[in-house]
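Visitor: There's a structure below that I have some questions on.
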Amino acid sequence: MRLIVVSNRLPVTISPSGEIRESVGGLATAMKSFLGAVNGGRELGLEEVVWVGWSGVPSERESNDLRERLRGMGLEPVPLSSEEVEGFYEGFSNSTLWPLFHGFSEYATYEEKHWRAYRGVNEKYAKAVVALARPGDLVWIHDYHLMLAPAIVREAAEVGVGFFLHIPFPPAELLQLLPSEWRREILEGLLGSDLVGFHTYEYSANFSRSVVRFLGYKVEMGAIAVGHRRVRVGVFPIGIDFDRFYNSSQDPSVVEEMAKLREMLGRAKVVFSIDRLDYTKGVLRRVAAWERFLREHPEWRGRAVFVLVVVPSRTGVPMYEEMKRQIDREVGRINGELGELNWVPIVYLYRFIPSPTLMALYNIADVALITPLRDGMNLVAKEFVASKRDCRGVLILSELAGASKELAEALVINPNDVGGTAEAIAEALSMSEDEQCRRIRAMQERLRMRDVVRWGTDFIYSLISAKSAREEVEKALRYMEELSVDKLKSDFAKAKRRLLLLDYDGTLVPHYPYPHMAVPDGDLLELLSRLAALPETAVYVVSGRGRDFLDGWLGRLPVGLVAEHGFFLKHPGGEWKSLGKVDPSWRQYAKGIMEDFASNVPGSFVEVKEAGIAWHYRNADETIAEKAVVELIDALSNALAGSGLSILRGKKVVEVRPAGYTKGTAAKMLLDELSPDFVFVAGDDETDEGMFEVAPQSAYTVKVGPGPTLAKFRVGDYRGLRSLLEQLRPP
């Protein structure tokens, strides 16, 4: 098994003369540290690691010699022309996705030509992966540039596919700004993965909510049901090479840089920040907060200095050029108004700084001022904390950075609150050394445990697990397709204790326009009676119907009944018992929301049950209803959050009911109670998937009709299911 890493850029930089050098920072550094710690992946069972990406040289200038030298290093270049780079990278990736995913929708552009370029380049990357891949390999695709690639690879190669997003995933309301076709393809593209990873639970929840809202897929227990597959969604906060930064003050090259900086900055307290030039980083607000601090705390003038490092990015792009001019202007104004002959408030560097200088700044800085307006993680915050071997220093961190979820001991601020940030600077500079040490040590312990090696290892192991689970399902599906009715009859006849769990609507009878019309015919009543009369054979009808309906039509048969999706249970010949307690407090509120939707969707109606309330839309226009379903589920989810209720989406129905009671929980209880050695389960919609999930591996699970399922076997409709059951009953 090999690992194929896929990213926009290969982890190298090509000089004008064709020299190949390792890239510094970002994914390249993270993967180098991770793979170095696990012996190139061999400790994880990986035979080889291959990296697929663009070399950074336009294809019209990329020589065959360069491509061969890259391949000799385990790097597979994807050729991109200047035109493709412009449309794919500068266009859709950085002018549409980057601003939108960071919450700056006003900066996003929506150009058809950019979307076409994005699709075309994603296809190129996917084809390069497929050409390299061998059955059983793992493919790890990185970041927003390549969100369509997982689905393309999934269709063409027998591999495990993982995707990791390094930036925030936006709320559904922001994603909705994308044209619907683009939005759908992006979500479906990501769902081609076996595993989709994010930095934080917030981003993971945003993704899952978008999938439910825009695609209608079901999300349950950290996975999304896509056909017979379960796409796992996980949280994997990226870490750093902790020891490298913790021990940096012992590195001679860093020590030398520390001495130079101390000589230059004198005895002043050092507040420090470093960012790539970008509107998401909040540099101008940070500068404003520093000015506010100096004006409100003049005693710190001459005693503290702000070292502001801005690394050039997207040079030549008008917006970025204007941003730089604004920063230059503000820094110059503040230094001119507040500076002295022997002191400047802001030491401003607009350039790339080498690693020893950066580590020296981490070590000498008293305060790190990390205040992005939005950031997927922010490793600078982690690197600063890790570098504090002497246990002295204070981190001021934006609550809008993913790192704030892990670094709770930082002074967490809102970057839009200039006054609050100024006060945090004052607090940081005045904090006692004991308090600094308490906070730093707590954060360091967390960073040491959650380092970059754990990030990579957790993701790879989770991907292997997700891949194995999918392969088991596929294997079971292939196997069951070959089973004959004769084997079913043989297993049924040989069994000592049998259990049949049968859904009602759509499974034993057809779906009707209105629930009261779906009464059982004489043939069905006779079939159920004969099956239930067999020795050691328990037949249960497991339905979303209420007790009154099931009792009225099936109560005289020797069968068990489960009503309202597992909330009520009646054993053959027994009395009804409630498996939960009905709380009426929420019902009127939920009913009101459903009735609002029913009034807007002709042909739909609300059904009030004992435990739940259902909105049926079988008779409504499908186009109108399907759109309304997503909006209804969204409205109910928000309105009933934290209420202990669940929202079930069945076939042409949405139901609100108490959580924890499903067909699956009822089936599990019956399986545990009866201990059968033959199990037959049949159902036709999403609410029946819970029964399929808890059924033992030896069970015959039957999906009635089309659609994604966990069942191992399928029949066309209720008639096919009845025909199958007829094979089991005695003559």
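Including glycine, each Cβ sits where the backbone N, Cα and C put it.
Pulled these features from Swiss-Prot for this protein:
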| type | residues | note |
| --- | --- | --- |
| REGION | 1-464 | region 'Alpha,alpha-trehalose-phosphate synthase' |
| BINDING | ARG9, TYR89, ASP143, ARG314 | D-glucose 6-phosphate binding site |
| BINDING | GLY25, GLY26, ARG276, LYS281, LEU379, VAL380, ALA381, LYS382, GLU383 | UDP-alpha-D-glucose binding site |
| REGION | 465-731 | region 'Trehalose-6-phosphate phosphatase' |
| ACT_SITE | ASP503 | active site, nucleophile |
| BINDING | ASP503, TYR504, ASP505 | alpha,alpha-trehalose 6-phosphate binding site |
| BINDING | ASP503, ASP505, ASP684 | Mg(2+) binding site |
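Are these features on the surface or tucked inside, and what are their neighbours?
Guide: In sequence order, GLU90, ASN94, LEU277, ASP278, TYR320 are the residues of the chain that are 6 or more apart from ARG314 (D-glucose 6-phosphate binding site) and have a CB within less than 8 Å of its CB.
Under DSSP, GLU383 (UDP-alpha-D-glucose binding site) is assigned to a helix (H, G or I) in the three-state scheme. Note: GLU383 (UDP-alpha-D-glucose binding site) has non-local neighbours ILE240, PHE245, TYR362, i.e. same-chain residues 6+ apart with C-beta under 8 A of its own C-beta.
Sequence-distant neighbours of ASP503 (active site, nucleophile) (same chain, 6+ apart, CB under 8 A from its CB) are VAL541, VAL542, SER543, LYS663, ALA682, GLY683, ASP684, ASP685, THR687, ASP688, MET691, VAL704.
The number of other Cβ atoms within 10 Å of the Cβ belonging to TYR504 (alpha,alpha-trehalose 6-phosphate binding site), over all protein chains shown, comes to 25.
Annotation note: ASP503 (active site, nucleophile) sits in a coil segment as assigned by DSSP.
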Visitor: Based on Cβ atoms within 10 Å, give me the single least packed residue among the binding-site residues ASP143, ASP505, ASP684.
Guide: ASP143
Visitor: By CA distance, which of the binding-site residues (ASP143, TYR504, ASP505) lies nearest to ALA381 (UDP-alpha-D-glucose binding site)?
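Guide: Result for ALA381 (UDP-alpha-D-glucose binding site): the nearest of the binding-site residues is ASP143.
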Visitor: What is the biggest Cα to Cα gap, in Å, among ARG9, TYR89, ASP143, ARG314, the residues listed as binding D-glucose 6-phosphate?
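Guide: Across ARG9, TYR89, ASP143, ARG314, the widest Cα separation comes out at 18 Å.
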Visitor: Please compare the binding-site residues ARG9, ARG276 by how many other CB atoms fall within 10 Å of each one's CB, and tell me which has the fewest.
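Guide: Per-residue Cβ counts within 10 Å for the binding-site residues ARG9, ARG276 bottom out at ARG276.
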Visitor: Compute the C-alpha separation of TYR89 (D-glucose 6-phosphate binding site) from ARG276 (UDP-alpha-D-glucose binding site), stating it in Å without decimals.
Guide: 17
Visitor: List the Cα distance (Å, whole number) between ASP505 (alpha,alpha-trehalose 6-phosphate binding site) and ASP143 (D-glucose 6-phosphate binding site).
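Guide: ASP505 (alpha,alpha-trehalose 6-phosphate binding site) and ASP143 (D-glucose 6-phosphate binding site) have their Cα atoms 44 Å apart.
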Visitor: Report the mean pLDDT of the predicted model across the region 'Alpha,alpha-trehalose-phosphate synthase' (1-464), rounded to a whole number.
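Guide: That region's mean pLDDT is 95.
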